[in-house]
Structures are given as structure tokens and as C-alpha cells.
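Trainee: Structure provided below as C-alpha cells; questions to follow.
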Amino acid sequence: MADNSPLIREERQRLFRPYTRAMLTAPSAQPAKENGKTEENKDNSRDKGRGANKDRDGSAHPDQALEQGSRLPARMRNIFPAELASTPLEDFDPFYKNKKTFVVVTKAGDIFRFSGEKSLWMLDPFTPIRRVAISTMVQPIFSYFIMITILIHCIFMIMPATQTTYILELVFLSIYTIEVVVKVLARGFILHPFAYLRDPWNWLDFLVTLIGYITLVVDLGHLYALRAFRVLRSWRTVTIVPGWRTIVDALSLSITSLKDLVLLLLFSLFVFAVLGLQIYMGVLTQKCVKHFPADGSWGNFTDERWFNYTSNSSHWYIPDDWIEYPLCGNSSGAGMCPPGYTCLQGYGGNPNYGYTSFDTFGWAFLSVFRLVTLDYWEDLYQLALRSAGPWHILFFIIVVFYGTFCFLNFILAVVVMSYTHMVKRADEEKAAERELKKEKKAASVANNTANGQEQTTIEMNGDEAVVIDNNDQAARQQSDPETPAPSVTQRLTDFLCVWDCCVPWQKLQGAIGAVVLSPFFELFIAVIIVLNITFMALDHHDMNIEFERILRTGNYIFTSIYIVEAVLKIIALSPKFYFKDSWNVFDFIIVVFAILELGLEGVQGLSVFRSFRLLRVFRLAKFWPTLNNFMSVMTKSYGAFVNVMYVMFLLLFIFAIIGMQLFGMNYIDNMERFPDGDLPRWNFTDFLHSFMIVFRALCGEWIESMWDCMLVGDWSCIPFFVAVFFVGNLVILNLLIALLLNNYGSFCTSPTSDEEDSKDEDALAQIVRIFKRFKPNLNAVKLSPMKPDSEDIVESQEIQGNNIADAEDVLAGEFPPDCCCNAFYKCFPSRPARDSSVQRMWSNIRRVCFLLAKNKYFQKFVTAVLVITSVLLALEDIYLPQRPVLVNITLYVDYVLTAFFVIEMIIMLFAVGFKKYFTSKWYWLDFIVVVAYLLNFVLMCAGIEALQTLRLLRVFRLFRPLSKVNGMQVVTSTLVEAVPHIFNVILVGIFFWLVFAIMGVQLFAGKFYKCVDENSTVLSHEITMDRNDCLHENYTWENSPMNFDHVGNAYLSLLQVATFKGWLQIMNDAIDSREVHKQPIRETNIYMYLYFIFFIVFGSFFILKLFVCILIDIFRQQRRKAEGLSATDSRTQLIYRRAVMRTMSAKPVKRIPKPTCHPQSLMYDISVNRKFEYTMMILIILNVAVMAIDHYGQSMEFSEVLDYLNLIFIIIFFVECVIKVSGLRHHYFKDPWNIIDFLYVVLAIAGLMLSDVIEKYFISPTLLRILRILRVGRLLRYFQSARGMRLLLLALRKALRTLFNVSFLLFVIMFVYAVFGMEFFMHIRDAGAIDDVYNFKTFGQSIILLFQLATSAGWDGVYFAIANEEDCRAPDHELGYPGNCGSRALGIAYLVSYLIITCLVVINMYAAVILDYVLEVYEDSKEGLTDDDYDMFFEVWQQFDPEATQYIRYDQLSELLEALQPPLQVQKPNKYKILSMNIPICKDDHIFYKDVLEALVKDVFSRRGSPVEAGDVQAPNVDEAEYKPVSSTLQRQREEYCVRLIQNAWRKHKQQN
């Protein structure tokens, strides 16, 4: 369609009309006109409203595509007349039709919306001054000028303050003032919509500009630092690039969508904080105090002398190598004091400058938030358990489960939904633009043809069209009727780059091509690449000269091979075709850099070319399908990834400048407050340090930096660091996961390509043929012919199915399967006849074993035996030798279990046969365990103890019954299905990390050594400059435990960096490093931070997030499979199927009958009254608030006031309990919340009467406080008014069971590792994170430690202890001493495997579960029905069916449908709607509730534009005994119609007669 067509002109005139003075008064007259249509279009507006411009309840809202600051949609932008750009227009958003607004659209299509009211009470939209201001404001050059000014200002903010910067500040202030004046004149100040101060961005601009003028007269001190917040305006630069805009729109939408979740999170933190306050108030001040001397050195014992003695810190216990005083406790399992000391509370401050405590509500809230974010939480965890006892792990489990695993993953779900929405919107916009371009091209061709210019359009590369005159086209067709003649450039390119000059040369090309393009040559190059990678990985510190020469020679050889390969391929293919392959281009670049490295090898300062050797590693992707797939997908999504990285680093830049301006001077002015009086490495004194401290907070470590900031500053550090963590870690990094989910689905779930496998098979075939020429006796070797792809697929599926088949699948039949495979029967055809006695006996034995194996009681007995033997393993701790009875029990149980599991294996072998037994993973596990048992038994009889740990393998059998637990199938199947994909990601991650490991060896090998004194204090470089000086002065030249001396250590160091545990020391050593054998200097090599930043971005943020992607996708598939949903079902079918399932599972509830007795009736009315519930809610809030103001060290008067208030609340809650019990009677106890209330009241009253007795013998007041805090959970019922909170709580409620299943799986894994941890590490020496409380000596202590390690917290300290092989004592078998040495190899295998299984797999399953359920709930709320809709239906149904008979009368149906609320409501008159629903009618004219609900569900889907066909989804059958439909509403209408016809005919007949 042409641009000047009548249709376009009409649409232009309708949409884009210049704003006139007449329109200023027009909107006031329009409401009356519109109101006249309200009743007329009521039903249409409800059912057929403007989709995106209507809320779920039908209320209108502005069109998001036309909102202020947006860009015109593609179709509107295509028809927008250029002459109306920057001109006031009538508002084209229907929402603003009745409001005094107008819009201005720029040439680029940006929308600016203004109020039609007078600006500053005197400037209407047509005043020349305001029109000039509007025209200036909407000009892109004005925005670009302001943005450039802000960016330049940001650069000057980085610089130190000088006279020049002061003058520039005045210049910037003048520019900002002009901007404010222009915008205020154009928009107005504040009174009208879209005024200047109605935009939150302008609040900051105005405040900072105002402060700038005030500071010219008055010194505002630190308040002047608020000017730093102007840097937030640089955020608007993202609108320049469309890709950046998509990311920022997703970020903004995520933050705005998180408001409901933030309120829920704050409520949860509030509850946990009050609970922590009541439990741990003052606990973290407990210290070991020396006994009062009895020798009279302090005089006689008096209270004053006791206080002075215990207040003296010299009398507090502190080990020699400790910095802070250790905490202690008086409960079992807590930290014990040494002899001569007593654990007392209230001495000294709290840990970490006093900022870690539960003494007041504020500090408790901060501590709980720290627990939820898992930042250095292991320190608080260890402090609390050391001082309160090991059973307090339950508090931390609850906080971490609900806070971290649940609510923080809700943030991921919201961010993923926001990103998906914005990407979908951007894709739709791009698709619309592409469609418009096609229409425009077609219209242009049609227009030219109509004007008599006969032309032909030829599409080139699918993107652009070239219009060629018919005469030229005919001339070209004479030479080549199909292709156009090549241009001069093409002919010159062919002459120079296509080498086909003569026949001998072409033969030479063919011969070389046959070699270099053969599969054998490809395999040879792959082997060379692997060898080259191996040689690069062998580089290490302190290599001898001979080894270094070998590596150098190897590099020369590999470089020569690559050069020869490139030259041969260029000769064989010619340059034109060689460089068309991207892999060839990559290979050629590597060759160029290799030649440059060889040529500049001896030049000082150009060793940087050595780093380009690492590019050779990526050549392996050409021969590794998994890596190739990963890199290809990574390349495709490169743009989106770069956009996310840009937004992330822009945020870091903004926060870094803000932090530097706000807190920078505090570190300089108050440096003496730090313990050593030295400036900490992480500070805000300059931009680089500010950037790194903000980057550290983005990585999840913010609490320690915040403590330092608060030590030299004030509480304002808290909101800054919380904001950085929230936006950076919880939103930006989750955006990266959303990007992976959106772009990496093929890598996460699709199988890898087998093209390279076929090449490898061809190469191996060639090798066999070559050997055949030399060895004729190899003729017997035959290669099987290639199977068709379909056969391969079928075979692989069969094998995979056999591997994944569970025991229940094998035992599902009625008869035992074949015992052996088909090949066995072919090899031994002579078997006993089927009717022989031997065969019958064999069959009977197998039949009996088969029936026994199928018996559920036998299976339960085996499971019970497994649990018992696992419990016995848990009892084998370090104290077992001190319990001889238990030793004998475990010994005899081992014998019995060995016999039992052997018998069970024989029974299962007879039952399922060898074929099925050895093709099932679970039976293979049983077989390995039994073999380990037998081997262990033999070794015990032989007196060999080295391999007796093989019996621990039986603990792995716990996973088999785990898969049979109800509800665990989805979790275990997700874990099993994810294993191959996880293994692929691990391999890709190891390969990807290899690049950084080799680079780290090249950069830091041998440079982490340092000179230390006898106290392990690093000496200054001014004392010892190098290794020789250190040894000459009799100091110690030692290496850091984590270093880059070789690739193995480099991998371990990178793992600590990727998990952000122990990474600070590694980075400190790196930036302090100089040359080999040189003493480090603080931050002399500070730009080495870049190496770690790049690794964290690509190696941690990118690679490790792939695990989340895999688990989310596979869990979704397994859950659909478990629910019987097909992967081919449409989205509407899935939503409707879920709605049908809810319909069939819900039932009406009987209403509580009202008592007939008048006093009880009054109590009933009060109990069910909503105002009474609101009153009690307010009282609960006040009760919790009183609990929150409780604090440690409060005065006696304050405590008495709290006691009186507590008594008042107990009386009030007692009265409430009496009222409800009297009114509701026994129905009161059917509500779990009422049971909690009743239990609290009973225990509270008992506590008042028998406080001393209860505290000493029955229950402590602390537990009463815990029960009291549970009442706060009742507040969750009052979140029903907030739809967003209801959806989140609904998703949590639905996911809770699956989340518990994941937690149970995590516990089983912890159980297994606790057993192995006790076996391997119970005797290790206390070091690092291992001490008298946290160790592997007992099962309980192992679980406590493994729970901490499940979040990767403190694993670096644990590794240091269990890998200690030097500073320890070797075992002495003669003395029976087991030794306290660790094992480096065993420690690495134990910890790395545990971290991968828990942190990267199981913990990420929480995210998968939460995301899946949140998406389901939001899909249902948008296109389906929520649980609130079902609850509403049953509440209304209860009014018509108070006895819960599940039936109502047919004549009540119309009233029922009218009484419902949207979206289920069907307003009167609804007679014909009822007929169209065709609801079944049962006997006695009753309607069944499921029929009504199912009909309403179908009606809702139909009205929302997603009708479900009759055959799409079959609803489950109703198996009610009394359900007997006899008719339907439609059939009843037909019957009534027929009756009326008969009656009318009869009347006519009677009248005629």
C-alpha cells in the first residue's frame, strides 16, 4: 500500500491531528457523551475490551506502547507525517481522550506527553515561550547535549577536587539550571499531570541543582555529596541502543514488579528478626572469664570487686593465634571454656565491631538479612551455635530455606518473566518493522509499475533488493540467462584469489585437497591440538632447563604444523574459498599471531603475544560437538550478553561514583578507627577502589565492606550497600539467567550433533585400511556398515530406556522376563526342554523369586534394613572405640547385612534375570554394593584394614528407595535426567577455565611467595626486597596456599574465585605480586584486578548459571510428564488441563451452623465478623511491635512495662479464645491457626502462674516467645487484598511440597557425605575452619558443617584443614595412634564433588521449582483461573448449599451465576447463557457443582479468546455414587419448547372444536 494512498491519509488524519485551542475545552464535554454509552456497552467492555488496555477486572489503564518516553509502534511510525514532528498533537492514547493532555512526537518517533493546563499558572500550550521550551526539550540534540554533559561531569567526579574542578562545577551547574528552566517552562512545575516534579527522575535533578546553589553560600558538609546522585542520569544513555533499551526496560519492569515480593520479604525478615531477637538477645556477648582468685590477690569477694575483676579484658580467655575473644556456651554441644574459666554473658562488645548481634531489633533485622543473602553467614552461624548449642541449627535451616531458597528465587522468577515479556515485545516490534518494510517494497514496486516504469526486482542475500532496468536485464540474460554478469571487483577478486591457472596446478590442488580435507587429516589435527593444549598446561613454576626446552621445542613444532596446515588448505581451496569458512579464518589468525610471537620472541615487553597461544585451545571446538554447540549458541546470543554486561558495568560505574562521593573522605579522615590504623584494601578513596568494592557487593559480598564503611561513617552505608546488592546481585545477575533461558535452550536440552562422530569413524576406517596393507592377518577385522539414522536413534533410545528403567518397570509384569540376553541363547542353543523337570523347577524358582521381589512388604523390609544400616554407619564416629558394646553390634550387623544383601541380590537375579538386572542402574548399584561387602568381608578376615571403607558404599543404596517415595519421583528423575547435561557443562566449564588457568600460570606462577617472620606476618619490601635478603635475615620465604604455580593449583584457585570463598586473599596476592623471587608490594600490580573481573564474568556468572538453565528446563519436562501432560500440548491446553484438575479435586465445604442459644449466637456473630478479625490483626501487630522493642540491657522499669503490656495482650487473646470457642464450639479446632492460638493462650497463662516451675522443669520462656511469634503468621491471611502477594503466596503454597522433597534429597546427600566425612576426616588436626565444634568427629557435627558447605560457605577453610599433609602428625600403628593428617587428593575429590552436587545442582533445583510454579500461577491468573477464583466460587456455592450436599436446585442456578464475581460471573439476564453452557441436570432437578464449575471454566476461556475444543482435553470422570445426570440445560429448554408447542397445538385444537 502506497504512502499516499487514501487509506493511509485517512488513518493519518484520524491519529495525528494538530493540537488546537478548541481542544483545550473539548475534553470537558466528552465525559457526558461517553457516559451515555456506558450501560449500552457494559457487557462488551467486559468481554471484548481493549486487551492490553484493560485490567483483569475490566478497569482501563494507559496503553503501555504509547506511554510517556516510549517510541511509536512500528505501524504508527511508518505513517507518521514528518511535517508534524516536534509539533503538539492531540493525544492518540484512548485512555487520555477525556483528559487535558497533548503529545509531541519527534522524528525518531519518541513520545512526549504534556498537560494542557497552564504552566506556572500563566503559560498555556500556545504561549510562544512555552512552545519554544517544548520544541527545545524534545529535540534529540538537547538530550544528547545533557547526556554528554552528565558523562563529562562523571569523569570529573572521578578526579580529585582542585580549583579547576570547582570552576567546572559552576559550569555544569549553569547547564543543569538551564535544563531545569526549560523543562519547567515546558511541563509546568508540580500541580498538573506530567509536570516537572511528577517525574521521579526530575526530583533528583532539582534537589541536586538546589543543593548546588545553597553550597555556594552555606557549607552543607556531607550533604553536598548528594550531587553524586546526578550520575544516575547517565542511566538514560541506554536509550541510544535498542538492545540496551530492552535490557533496561526489563530491569525497570523487574524492579517495579518486585514491590509485592519485597513486602513479603520484609514481612518474613521482620518475623525472623523478632524470633532471633527473642532467642539470641545477648548470647553473642558470652565469653570465658577466669575464676575469681581465691588467693586474696584481689581481696575478699564482693560484688564490686567481682564486677571490676570480670570487666577486665585481661581475665578473658583468648587463644594465642586468635584476634577476637572466642564465644562460649553453657548448653550441651556449645563451645566449652578451658579449666579455670566460666562462661558468662554481657562482657565485651559483640563481634565484628559490634555490628553482629541480636541485641536490638535493628541489628537482628540486619543479621537476618545477612543470613538470607548468605553473605559471610557462616561466621554468624558458627558464633550462634558455639554460644547457644547445636540444636539452634533449626533456626538457621528455617531462615535459609524460606528466605534464601524460596523468596530470593521468587526474585529470579519475576526477573525472568519481565525479561521474557520485554524480549517478546521487542521481537514483535522487529517483526512488525520487517513486515512494514516488505509492504513498503511491494507498494513501491506496484507504484512504479503503475507509472509505466517496467522494472524487475532481484533479491540479494535475502535482505536488500536491487532494481534493474529491463534493458540491462535483457542484455545480461544474453550472456547468462540466470545470473548477472560479475562486476570488475568480483572479476579482480576471482583473478587474485581463485587459483585455477593451469591443469597441473589444479591437479596439485586436488592432491593436496584429498589430504587436508580427509577425515584422517582432521583427526590428526585434533590430536595435535590436544597435545598442544597438554604442552601449554604443563608450564609451571621452577621448571628445569631441560623441561623448559622441551616445551619451547614443542611450541615450535606445533606452530610449524599449524602454518603448514594453513598453507596447504589455502593451496587446496584457494584464498577465496578458504576464508569463507569462519573456522579457517580463526585458524589463520592463530597462525599470524604465532608467527608474530616467534618473530618478536626476544624483544623485551612484547611477550603479550605469548598469551595469544591460548586461542589455540578454542580450535578443539571444531572437533568437539558439545563445545562447538556451546560456542555457536554463545556467538548467536553475543549481542544480548553484551547488552547485559553494558548495563551491569554502567550500574557499577554509577554506584562507584556515588560511593566515592558519599564515603570517600570518611576513610581518610577516620583511618585511625581501623584495628591496625591502616587503610583497608576495600575502600572508597578513589574510583578504582570504589569500583572494585561495588563489584564485590554485586558478587554477593557486601556485609564486611559495609562494616568498614560504618566504622568510619554512619548508618547511611546500610541503604547504599543493600541497594547495590539488590539491584546488582538479585536483579542484574538474574537477568543473565533469564538471557540464558531465552537463548540457551538448545544447548541445555538438545542432543549434540553427531557429524564429527561420523568423521571420526571415517578416520578410524582409514587407519584400519592402512594397517591392512601392512598386516594381511587383520582381514578378520570387519567394520560394521553404517546404520541408517533411524536405526541409530531407535537403538540409542532403547539403551537409554534400559539405563533409566526403574525396578518397578522391570517388575511390572506378571511373569519374570527372559533370564539372559538373546546372544546367550544363540550361543547355547542346547537347553533343557520346556516340559522337563529341570526346566519346570527352574521356572518355579524364578516364579517364587519374582513374586517375592514384587511383594510390597518385602520391598519395605529391604528399605527398613537400608535405613537401619545407614543409621548404624552414622553411629560410627570418633567415640566408637570407647563403646565396646556398639563396636560388637556393628561388627555382627556387618556380617548379617553381608549375608542379607547377598541373598537379596540372588533373589533379584532370579526374579528379573541377568539381562534386566545388568541393564538397570539401580540393580548395578546393588551389585556394586554387594561386591564391596564381600570384598570388605574377605579383607576383614585377612586382617587388611586399608580397604575396609568399601562397606560405606552401602549408604548409596539410600537413593534407590528415595525414588519410590511419593512425590519424590519428579525430583529424582530431574536429577537423573540432568546428569548427562550437567556433565557436558562441567566439561565445557573445565575447558573454558583451562584458558584462564594457563593465563594465570603465565601471569602469576612463582609470584605469590613472600617473606614472613616467626608470627607469619608479611614483612615490608623495605625490610627484605627479595628472596635472598629474606633467607639472609633468617626469615621464612613461603608460598601462599592458593597459587598459580601450575595448572592444578590454578584450577583450585579459580574455583575459590568462582565461588567467592577465599578469593580476596588470592586477588590480594595477585595485585601485590612483582617478579619471581621478589617481595610483594601492596597494590603495585593493581590492574591485575581485570584478570579476575573477566574470569568472574565469563567463568562464574556465565558458566555456572548454565546449571540453573538446565535444571529449570528439565524439571519443567519431568513435571509435565508426571502430571500426564504432553510436551506437544499448546499453552492453552496446559492451562485448561490444570483448571480441570482443580475443578475435579475441589469440593464444597459445609458452613458452620449458627447456635440457637442467644449468648452463643452473639459470640458466633462476633467470631465471624470481619471487623473483629481486623481488630485482632491490629492487636497482633501491636503485640509483635512490643516484642520488637525488647532489647538487651534494658532497664528494670522498661522490663516491667513490657511485662504489663504482655499481660494485657494475654488477657485480650484469652478473651478472644473464649469468644471463639463459645461461638464456634468444636468447629473452632478445625482451623490450624485456632489450635496455635489456643495452645499459646494455655501456655502463656501457665507461664504466668508457674513461671519458675515451667522454666526449670517443663518449658523455657524462650519457647513461649516462639509460640507467640507464630501468631504473626495469621497476618498472611490479610494479604488477600493485594493480588500480587496472593499470587506469590499461592505459588509458594503449591511449590512447598516439592521444595520439601528437594530438601529431603539434600539431606540424604548430606547424610552420605557425613558418613564418608567421618570415615576420612574425623581425626584431622584442628586448623582453618575445623575446630572443637565444627568438625567431622560425630555425625551431628558433620551435618552441621555440611549444611554450611551446601551453600559453599567457608569451604576454603575446610579444605585447608582436610588437605593439611605437612603441619600434622603421621599415624603410629604400634601405639594405635590414627594420626591427624589430611589428604590433599581426598580433600579435593570430597569437597569439589560435594560442591557440584549441592551448590550447583540441588540448590539450583529450588530455583527450578520456584520458577516453574510462579510461571504457572501467573499464566493461570492471566489466561486461566486462580485459586482465589475457586475459593470465591465455593464461598458463593456455600450460600446456596449450606449443608455441602454438592447439589443445588436448577431454579437457583441463575442466582448463583449472578452472585459470583468476575471472571466467573454471568450477569442477568443469563437465561440463554445457561442454555449455551449445556450443564447436566441430575434427578430431582439438581445441579452438580463440578458440572457448573467446568462449564464456567470453559466459558472463561472462551471469553478470553482461548476457546478449548471439545476433543482437546478430556475431563476426568466423576465417580460420585449419587451422580446420575438425566438431562441438561439445553435439553431441558428443548423439552420445554416442545411442551409449549404441544400445549399451543392442543389449545388451538380445543378452540377449533
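These residue numbers are counts, starting from 1, taken along the chain as shown.
Each residue, glycine too, has its Cβ placed from N, Cα and C.
In case it's useful when we look at the structure, here is the feature table from Swiss-Prot:
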type	residues	note
BINDING	Glu378, Glu704, Trp1063, Asp1356	saxitoxin binding site
BINDING	Glu701, Glu704, Gly1062, Gly1354, Asp1356	tetrodotoxin binding site
DISULFID	Cys288-Cys337	disulfide bond
DISULFID	Cys328-Cys343	disulfide bond
DISULFID	Cys709-Cys717	disulfide bond
DISULFID	Cys1011-Cys1030	disulfide bond
DISULFID	Cys1368-Cys1381	disulfide bond
CARBOHYD	Asn300	N-linked glycosylation site
CARBOHYD	Asn308	N-linked glycosylation site
CARBOHYD	Asn312	N-linked glycosylation site
CARBOHYD	Asn330	N-linked glycosylation site
CARBOHYD	Asn683	N-linked glycosylation site
CARBOHYD	Asn1015	N-linked glycosylation site
CARBOHYD	Asn1028	N-linked glycosylation site
CARBOHYD	Asn1034	N-linked glycosylation site
INTRAMEM	361-385	intramembrane segment
INTRAMEM	687-707	intramembrane segment
INTRAMEM	1048-1069	intramembrane segment
INTRAMEM	1339-1361	intramembrane segment
REGION	1-68	region 'Disordered'
SITE	Asp539	site 'Interacts with the spider Mu-diguetoxin-Dc1a'
SITE	Asp542, Met543	site 'Interacts with the spider Mu-diguetoxin-Dc1a'
SITE	Arg549	site 'Interacts with the spider Mu-diguetoxin-Dc1a'
SITE	Arg613	site 'Interacts with the spider Mu-diguetoxin-Dc1a'
SITE	Gln1002	site 'Interacts with the spider Mu-diguetoxin-Dc1a'
SITE	Arg1027	site 'Interacts with the spider Mu-diguetoxin-Dc1a'
SITE	His1032	site 'Interacts with the spider Mu-diguetoxin-Dc1a'
TOPO_DOM	1-140	topological domain 'Cytoplasmic'
TOPO_DOM	219-224	topological domain 'Extracellular'
TOPO_DOM	242-260	topological domain 'Cytoplasmic'
TOPO_DOM	281-360	topological domain 'Extracellular'
TOPO_DOM	386-392	topological domain 'Extracellular'
TOPO_DOM	414-519	topological domain 'Cytoplasmic'
TOPO_DOM	570-583	topological domain 'Cytoplasmic'
TOPO_DOM	659-686	topological domain 'Extracellular'
TOPO_DOM	741-857	topological domain 'Cytoplasmic'
TOPO_DOM	908-921	topological domain 'Cytoplasmic'
TOPO_DOM	1002-1047	topological domain 'Extracellular'
TOPO_DOM	1362-1387	topological domain 'Extracellular'
TRANSMEM	141-159	transmembrane segment
TRANSMEM	225-241	transmembrane segment
TRANSMEM	393-413	transmembrane segment
TRANSMEM	520-538	transmembrane segment
TRANSMEM	550-569	transmembrane segment
TRANSMEM	584-603	transmembrane segment
TRANSMEM	720-740	transmembrane segment
TRANSMEM	922-940	transmembrane segment
TRANSMEM	946-964	transmembrane segment
TRANSMEM	982-1001	transmembrane segment
TRANSMEM	1087-1108	transmembrane segment
TRANSMEM	1232-1249	transmembrane segment
Trainee: So if I exclude everything within five residues of the ends of the transmembrane segment (982-1001), which remaining residues of that chain have a CB under 8 angstroms from its CBs? That is, six or more out.
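Mentor: For the transmembrane segment (982-1001), the nonlocal Cβ contacts are 533, 536-537, 539-541, 611, 614, 617-618, 620, 626-627, 630, 752, 1044-1047, 1050-1051, 1053-1054, 1091, 1094-1095, 1098-1099, 1103-1104, 1106-1107, 1110, 1396, 1400-1401.
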Trainee: Residues near the tetrodotoxin site, Glu701, Glu704, Gly1062, Gly1354, Asp1356 excluded, by Cβ within 8 Å of the Cβ center?
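Mentor: Going along the sequence, the neighbours appear as Tyr376, Phe1060, Lys1061, Trp1063, Leu1064, Ala1353.
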Trainee: Name, in the order they occur in the sequence, the residues of the same chain whose CB lies under 8 A from the CB of Asp1356 (saxitoxin binding site) and which sit 6 or more residues away.
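Mentor: Non-local contacts for Asp1356 (saxitoxin binding site): Met1042, Gln1056, Lys1061, Gly1062, Gly1328, Ala1329.
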Trainee: Between Asp542 (site 'Interacts with the spider Mu-diguetoxin-Dc1a') and Gly1354 (tetrodotoxin binding site), how many Å separate their Cα atoms?
Mentor: 31
Trainee: Just to verify a number: CA distance, Glu704 (saxitoxin binding site) to Cys337 (disulfide bond), in angstrom, no decimals.
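Mentor: So the alpha carbons of Glu704 (saxitoxin binding site) and Cys337 (disulfide bond) sit roughly 28 Å from each other.
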Trainee: Please give the sequence-distant neighbours of the transmembrane segment (720-740): residues at least 6 beyond its ends with Cβ less than 8 Å from one of its Cβ atoms.
Mentor: 247, 250-251, 254-255, 258, 369, 373, 375, 408, 411-412, 415-416, 418-420, 637, 640-641, 644, 647-648, 651-652, 655, 658-659, 662-663, 694, 697-700, 702-703, 705-706, 709, 748, 1101-1102, 1105-1106, 1108-1109
Trainee: Under DSSP, the topological domain 'Cytoplasmic' (242-260) has how many residues in helix, strand and coil?
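Mentor: Residue counts in helix, strand and coil order: 18 helix, 0 strand, 1 coil.
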Trainee: Could you tell me which of these recorded sites, Arg549, Arg613, Arg1027, His1032, has the greatest number of Cβ atoms within 10 Å of its own Cβ?
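Mentor: When each Cβ's neighbours within 10 Å are tallied, Arg613 tops the list.
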Trainee: Restricting the comparison to the recorded positions Asn308, Asn312, Cys328, Cys343, which residue's C-alpha is spatially nearest the C-alpha of Asp539 (site 'Interacts with the spider Mu-diguetoxin-Dc1a')?
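Mentor: Closest by Cα distance to Asp539 (site 'Interacts with the spider Mu-diguetoxin-Dc1a') among the recorded positions Asn308, Asn312, Cys328, Cys343: Cys328.
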Trainee: Along the topological domain 'Extracellular' (1002-1047), what average pLDDT does this model show?
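Mentor: Looking only at the topological domain 'Extracellular' (1002-1047), pLDDT averages out to 90.
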Trainee: Name the one residue among Glu378, Glu701, Trp1063, Gly1354 whose Cα is closest in three-dimensional space to that of Arg549 (site 'Interacts with the spider Mu-diguetoxin-Dc1a'); these are the binding-site residues.
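Mentor: Answer for the nearest of the binding-site residues: Trp1063.
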Trainee: Based on DSSP, name the secondary structure state of Arg549 (site 'Interacts with the spider Mu-diguetoxin-Dc1a'): helix, strand or coil.
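Mentor: Arg549 (site 'Interacts with the spider Mu-diguetoxin-Dc1a') sits in a helix per DSSP.
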Trainee: Nearest of the binding-site residues to Cys1368 (disulfide bond) by CA-CA distance, picking from Glu378, Glu701, Trp1063, Gly1354?
Mentor: Gly1354
Trainee: Have a look at the disulfide-bonded residues (Cys328, Cys717, Cys1011, Cys1030, Cys1381) and report the one with the fewest Cβ neighbours inside 10 Å.
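Mentor: Counting other Cβ atoms within 10 Å of each of the disulfide-bonded residues Cys328, Cys717, Cys1011, Cys1030, Cys1381 gives the minimum at Cys1381.
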Trainee: Between all pairs in Glu701, Glu704, Gly1062, Gly1354, Asp1356 (listed as tetrodotoxin binders), what's the biggest Cα distance, rounded to the nearest Å?
Mentor: 17
Trainee: By a Cβ-Cβ criterion of under 8 Å, what residues six or more beyond either terminus of the intramembrane segment (361-385) are in contact with it?
Mentor: 265, 269-270, 272-274, 276-277, 280, 283-284, 327, 334, 350-352, 355, 392-393, 395-396, 399-400, 403-404, 407-408, 700-704, 718, 722, 725, 729, 1188-1191, 1329, 1333-1334, 1344, 1348, 1351, 1353-1354
Trainee: Using a Cβ cut-off under 8 Å, which residues of the same chain at least 6 positions beyond either end of the topological domain 'Cytoplasmic' (242-260) come close to it?
Mentor: 235, 411, 414-415, 417-419, 421-423, 426, 639-640, 642-644, 646-647, 727, 731-732, 734-735, 738, 1282, 1284-1285, 1287-1288
Trainee: Restricting to the same chain and to sequence separations of six or more, state which residues have a Cβ under 8 Å from that of Glu701 (tetrodotoxin binding site).
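Mentor: Result: Asp375, Tyr376, Phe1060.
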Trainee: Just the number: how many Å between the Cα atoms of Asn1034 (N-linked glycosylation site) and Cys288 (disulfide bond)?
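Mentor: Cα-Cα, rounded: 38 Å.
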Trainee: Do any residues, 6 or more residues outside the topological domain 'Extracellular' (659-686), come within under 8 Å Cβ-to-Cβ of it, and if so which ones?
Mentor: 157-158, 222, 225, 227-228, 323, 692-694, 696, 704-705, 708-709, 711-713, 716-717, 720, 1064, 1068, 1082-1083
Trainee: Roughly how many Å lie between the Cα atoms of Asn308 (N-linked glycosylation site) and Gly1354 (tetrodotoxin binding site), rounded to a whole value?
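Mentor: One finds 38 Å between the Cα atoms of these residues.
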Trainee: Who sits close to Trp1063 (saxitoxin binding site): which same-chain residues at least 6 apart have their Cβ under 8 Å from its Cβ?
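Mentor: Correct list: Gln1056, Val1057, Phe1092.
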Trainee: Write out the long-range same-chain contacts of Glu378 (saxitoxin binding site), meaning residues 6 or more apart in sequence whose Cβ is under 8 Å from its Cβ.
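Mentor: Expected: Ala1329, Gln1348, Ala1353, Gly1354.
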